Amino acid sequence: MEENKQRVKSMINILQLVAPGTPLREGIDNVLRAQTGGLIVLGYNEQIKSIVDGGFHINCAFSPASLYELAKMDGALILNETGSKILIANAQLVPDPSIDSIETGMRHRTAERVAKQTASLVVAISQRRNVITLYQGNLRYTLKDIGVILTKANQAIQTLEKYKAVWNDGITNLGILEFEEVVTMSEVVHVLHSVEMVLRIKNEIVSYIHELGTEGRLIRLQLTELLADLEAEAALLIKDYYQEKTQDHHQILKKLQDLANTQLLEDSDLVKLLGYPGQMSLEESVTPRGYRIASKISRVPPLIIENLINRFKTLQGVCRATINELDDVEGIGEVRAKKIREGLKRIQEHLYMSRHN
């Protein structure tokens with residue numbers, strides 16, 4: 001899993017460097033339109049120095065126009081790691097020929113071998129096929145047309161909307177069952193599965209946003225709006241049902257996101273994520289602590305909610321508490337005690353109304 005996370009992180013960094021709207025991407029697109037082809041290496045360490053033969057050491061500030069003009073020469077361009085300077089133009093690259101390559105064209109074969117030998121980012125711009133290919137280490141990625149990415153991103157947003165609706169239905173039903181004191185592990189796992197799918201699609205959309213650069217602003221806004229409060233509520237759901245009382249609910253949610261990136265999760269995986277044995281029966285009753293529902297009561301800060309749960313242990317305990325008992329909790333006076341009682345009643349009524357709408 002760690003290796004996969006590192007690959008994803010590397011890919012995000014690469015895509016941000018060559019995303020639309022960046023000077024480097026503007027220069028690359030100019031070369032692509034001119035159909036001259038090009039080979040660009042980012043980074044000039046000892047390993048790169050050992051395979052560079054000839055070329056002109058120009059060490060000038062990067063500009064898209066400079067890249068376009070210098071790419072007309074047959075050799076490769078060597079830039080610094082951030083792409084802010086052009087160090088060498090018209091360089092011949094001589095990587096180890098024994099390194100395996102799946103490419104057929106000389107430019108792309110050289111690019112792949114250089115990337116594998118040096119772990120530097122290498123950009124190969126095809127002369128005839130209008131394709132930009134990125135190489136770094138064993139990573140190989142072909143940049144897609146912006147129109148294609150936008151279409152895929154919009155399709156993913158529509159899919160996310162559907163799973164958000166599944167989450168809304170599941171969390172509403174769970175809330176009703178919590179007030180009725182009839183929650184089983186099955187209902188909790190069902191809601192966590194919807195969280196898993198939402199996080200999976202979110203990760204896909206985020207990768208599109210990185211690749212779209214400045215063209216992805218609208219997609220980013222839609223994603224932010226769709227996920228508003230969902231992840232925070234999912235973290236509180238975990239805090240409610242984790243076997244041992246925990247303050248690491250955000251870390252557990254992050255673990256769920258990491259798992260969602262790599263595999264489809266079974267019911268037993270989600271049960272274990274909550275700290276229970278994987279073979280636990282899904283029909284077994286579980287009791288919420290009440291953090292999620294209590295967070296919906298207006299003007300009750302997290303510290304007061306913590307005091308409330310510490311005193312009454314469960315949501316049922318809070319619901320059954322009298323005004324006097326609530327008043328005894330640190331930070332809760334008579335006025336706030338009444339607001340808590342009224343708030344819980346309103347939340348319950350709202351949940352029942354939502355189910356029947």
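Cβ coordinates are placed from backbone N, Cα and C, and glycine is handled just like the others.
Residues annotated as domain 'DAC' in Swiss-Prot, with sequence analysis given as evidence: 8-146.
Residues within less than 8 Å, Cβ to Cβ, of Met106 (ATP binding site) and separated from it by at least 6 positions along the same chain comprise none. The ATP binding site annotation in Swiss-Prot covers Gly75, Leu93, Met106, Arg107, His108, Arg109, Thr110 and is backed by sequence analysis.
With helix defined as DSSP H, G or I and strand as E or B, the domain 'DAC' (8-146) counts 49 helix, 40 strand, 50 coil. Mean predicted confidence for the domain 'DAC' (8-146): the pLDDT average there is 94. Those residues noted as binding ATP (Gly75, Leu93, Met106, Arg107, His108, Arg109, Thr110) have their most widely separated CA atoms at a distance of 14 Å. Neighbour count (other Cβ atoms within 10 Å of the Cβ, all protein chains): 20 for Gly75 (ATP binding site). Same-chain residues with CB within 8 A of the center of the Gly75, Leu93, Met106, Arg107, His108, Arg109, Thr110 CB atoms, the ATP site residues themselves not counted, are Leu39, Ala76, Gly105, Ala111, Val114, Ala124.
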